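So the structure is just underneath, and the comments pick up after that.
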Amino acid sequence: MTGTVAACREPRGIGRVRLALITALCASSTCAIAAPGGGQVVAGSGSISASGSNTAVQQNSSRLVIDWNSFGTRPNESITFSQPGAQAIALNRVVGQNPSVLLGRLDANGQVFIVNPRGVLFGAGSTVNVGGLIASTLQISNRDFLHGRYAFHKDGDGGAVVNQGSIAAAQGGYVALIGRRAVNDGSIKTPGGYAAIAAGSRVTVTLGDHQMVGLVVEQGVLDALASNRGLIESDGGQALLAASGRDAVLAGVVNNSGVIVAHSAVSQNGVIRLVADCGTALVGGVLDASAPNGGDGGIIETSGSRVKIAPDAVLSTAAPQGTTGVWLIAARDVNVGNGQGRADVTGAALSRALGTTNVAIGSADPSAMNPGTIAINDAVTWNTSNALVLVAGDGIRVNAPVSAPGGVVLFGTSATVTQTAPITAAGVALDGSRGQYRLDNASNRIGIVAANAGSVTLVDSVPLTVGAVGTVSGITASGPVTLHAPTITLDPPIVSTATGTAVTLVADAGFVNLIGPNAISTPNGRWLVFSSNPDADTFGGLQSGNLALWGVAPSSGSAVPAAASGNRFVFAVQQQAELTVSPDIAKTVGMTRVLGPQDVSLSLRYTGASYGNAFTDSPTTHEPFTFTVSSAGTGPDAAPGIYTITVTPGSALPAGYRVVTSGGTLRVAGTAQPVPPVPPVPPVPPISPEAPEAPATPIATEPPVLSAPPVLTAPAVINAVQTVAAETADDSGRTALALPTGLARPVTPVVQTTSDPASDGSRLPDDAWPGNVCRM
């Protein structure tokens, strides 16, 4: 079912609305003639009879046209239509000079049209029970009616249609009040059907079977008014208030200060529409398209050249057992807060509504983007999972905080989105393929971002995931994409067709790729991923194909990433290299020991291989290595003891680097002491004088045992060599290491015996040594 109004010129003002109460017409004596009179069948088959206070119409054909001189009821009178079925329609045209005033009962098992250009009033206390009802002060021709074309057009100035009583349609039926001015001050009920209050000079209704499936206000009229100050109920159906002025100057008004309820049924969502076309929609009272009994929430539309939302307006599309519906505020320029837009709503009113409905401002569909702007000048806060959709072709400005810790914000524009105040949201979608989105407030707290955009710049203060928000998934952009957050996780990929540096990701604490090698696609440019903590990164198969850049912070303003071509990982930490000698090396004092590749191994702290080949950094050893030991001793005859080994680096290093070393100890062993001689054994006295024993042979003294010549040993001669960015030191008088061609100065040998666990690590330049050959 649909309901629309015709297009209009650009609005420039709103005319005054004057509603002459139809009851004032009863001041004339002719108003006393209330009962139907002068009825004549002019098309179709049927008959009219009267009995006491009741007038009966027997309809025999599916279409029946009756011309009446008067058509109304006093409080105790009634009119009854007996029709062939719910599809039958009886057109009652009043050709007399008086309005139709119905104060009694009107009953029909089918559909009834009442057309009186002078006005129609359903007074207080009146009741109407029909399959369907149209009460109109606009005319319809017999030809159109009989051929199923329900086109109502202005005939003269046209009076008003007012309901102060109770009108009820059958299940799936309809009630439409159509005229230059149409007002409901009573109650209208159309369960599962259509309730419409329409003001204009030409209105077309579409019926299907016994239901209304559409109503269009095709042409406006001076001071058009569609108003509800009573109750309209259309559970599982639609409620429409529509008005169209003649143009922007002679604009109409749609006003709701009453209650409109269109609860969703399980199989049919409710719809409430207040459409003012070239005029003003005044939105107050209660608009309820919720689904308390199951199903999804419905739709509330409030649109016009101007839309004014009352601070105490209550709107809901909540669905406890389903999906929440949406409230659409459609106008050319929308302002939240300071009352300077063509559509105005306070931040408090919008925040309250977001507790019970999704809200779309400008358009609910970014692909149907309308001209205009949106400005958020008043804080908006909600604590539900509902979404705020902001769509404006000429730009969006966030000048006040938007806070939805569990909610979603969607921006859509073909111009620019800017912010001077932070956004807090579980998810943010940027949907507008030509839009430039600059959400660069450092206090943003956004959990998930997705975009279909021209360009994207987003700064976040919490971990950020490139994911799916609503119908938008991943990031697709024709321009550059820049994301800066503590951690960045890629779930759907990022695609940018921009040239140059198309994608820049700055992850202060960690980068996580959950997609694989195609997580970032830049067919016409390149990407840079800045990371401050490689150990926390999950590269997920994403490969740069180039050396990483080390020791470059994204905020340093370094020209290194800009000068380096191709995709790059750029790390704020410094690369570390470890040079290990194994097993321990022994060296005799006064002699030189040259180490070869079999004695030394070189490894990088961060290697492409250890991180899934994310970058091409890898070490290669190259001989010779010169090994020199110096100590605090005075020469080869140093006394036994423990001596300090000092390890000093040279200064001929790649620009911006230094060598950090740690020393060790040297133990010198002294000579062994001689063994003292064994004293002789005294002679044993003879046993008898007759046979003295020979004297004992003395035990010879053992010669002294001497130790081996002194040897200097250096256990764990070299355990680690580390480089970190620093100043260059003086290297005069030191022995140089062999370096590859292209470095200007030699490097002093590095010698140490033990590693220092407190060493701060080191860094080798990625491209200082071509071919990844480390010559030491």
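Every residue, even glycine, has its Cβ placed from backbone N, Cα and C.
Feature annotation (TrEMBL): of 57-86, 597-626, 747-776, the stretch labelled region 'Disordered' is 747-776. Of the listed segments 523-542, 683-702, TrEMBL assigns region 'Disordered' to 683-702.
With DSSP states grouped into helix (H, G, I), strand (E, B) and coil, the domain 'Filamentous haemagglutinin FhaB/tRNA nuclease CdiA-like TPS' (32-144) comes out at 4 helix, 62 strand, 47 coil.
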